[in-house]
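Database features (TrEMBL):
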SITE      Arg31  site 'Transition state stabilizer'
SITE      Lys38  site 'Transition state stabilizer'
SITE      Arg175  site 'Positions MEP for the nucleophilic attack'
SITE      Lys235  site 'Positions MEP for the nucleophilic attack'
Amino acid sequence: MGEPWENAAHSMTALVPQFHVLIPCAGTGTRAGGSLPKQYQAVAGQALVLHTLAAFAAVAASQPSLRQVLVVVAPGDTFLSSTSAWSVVPQGGATRADTVAQGLAELRARGARDEDWVLVHDAARCLITPAQIDALMVACADDPVGGLLALPLPDTLKQAGVDRENARVQATLDRADKWLAQTPQMFRLGQLAQALAQALDQAAQGAAAVTDEASAIEALGLAPRLVPGSAQNFKVTYPEDFALAEAVLQARKKSA
Ligand SMILES: Nc1ccn([C@@H]2O[C@H](COP(=O)(O)OP(=O)(O)OP(=O)(O)O)[C@@H](O)[C@H]2O)c(=O)n1
Ligand SMILES: C[C@](O)(CO)[C@H](O)COP(=O)(O)O
């Protein structure tokens, strides 16, 4: 039996939702090219992923309910070190879903509870801002499912065959109900771990791999909330994306 104020503090923690951040950072960045995985290439003066981490560190500094930031890198990757603002673990897997599942297991091992929220964010989305992270947390904190940042489609949407070399339009689709999925994606730890375990099992039996957390949750029959994000929160994917990320980050530095 502890002191009365310790019990009160414990029951407050039990009542207030806790948040954890998981950053999958174990990709090879094949489409981006370069001699280092894209998350470690220099953009606006530092490794791309350090911009990503700075945004979450800023939120954690102002919100005690955001308990930890866990970065999952590939086994043997020593580029990043743990700091007081984030922890790095070398448990990345062969796919993004594998990496996230490993990260969830590590969060559990560190005391995170199944009812806690986990915000999963691509290391490669280095233009995320604290305001966008806050917006997702506020929009989803009372949601029964959770949700993700996403962008209503800004362009006319064409359907074609899968052969990109000889692409021809088969149809123009209604875009009123289409969104581009971004990250962070925010779900309850226990439910997300269950959803990803099911998705990984199905992928092992030949089903298509899920490419985001929401897809795994959807397969449980649930409907994640879509929270409007920003076009600036793009994923650095192709070589030309670095220059755009650099320009936006430099412009933000100037106006800060
Ligand atoms: N096995 C993997 C694959 C991807 N990621 C991470 O998931 C995020 C989004 O994935 P994507 O843009 O597809 O990154 P890569 O897999 O690195 O890119 P590519 O497909 O071009 O190789 C990135 O931050 C990447 O580091 C990961 O942690 N583990
Ligand atoms: C999770 C994601 O960023 C949502 O847009 C995206 O699906 C990950 O990228 P990938 O290229 O599909 O791995």
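The backbone N, Cα and C atoms fix where each Cβ goes, and this holds for glycine too.
TrEMBL: automatically predicted annotations, no manual curation.
Everything TrEMBL records as a feature, shown here on the structure.
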{"residue": "Arg31", "record": "site 'Transition state stabilizer'", "contacts (Cβ under 8 Å, 6+ apart)": "Thr237, Tyr238"}
{"residue": "Lys38", "record": "site 'Transition state stabilizer'", "contacts (Cβ under 8 Å, 6+ apart)": "Gly27, Gly29, Ala32, Leu48, Ala124, Val236, Thr237, Phe242"}
{"residue": "Arg175", "record": "site 'Positions MEP for the nucleophilic attack'", "contacts (Cβ under 8 Å, 6+ apart)": "Pro152, Leu153, Asp155, Thr156, Leu157"}
{"residue": "Lys235", "record": "site 'Positions MEP for the nucleophilic attack'", "contacts (Cβ under 8 Å, 6+ apart)": "Asp122, Ala124, Arg125, Gln182, Thr183, Asp241"}
Candidates near ligand 2 among the recorded sites Arg31, Lys38, Arg175, Lys235, judged by a Cβ under 6 angstroms: Lys235
Conformational class of Lys38 (site 'Transition state stabilizer') under the three-state DSSP mapping: helix
Neighbourhood of ligand 1 - recorded sites from Arg31, Arg175, Lys235 with Cβ under 6 Å: Arg31, Lys235
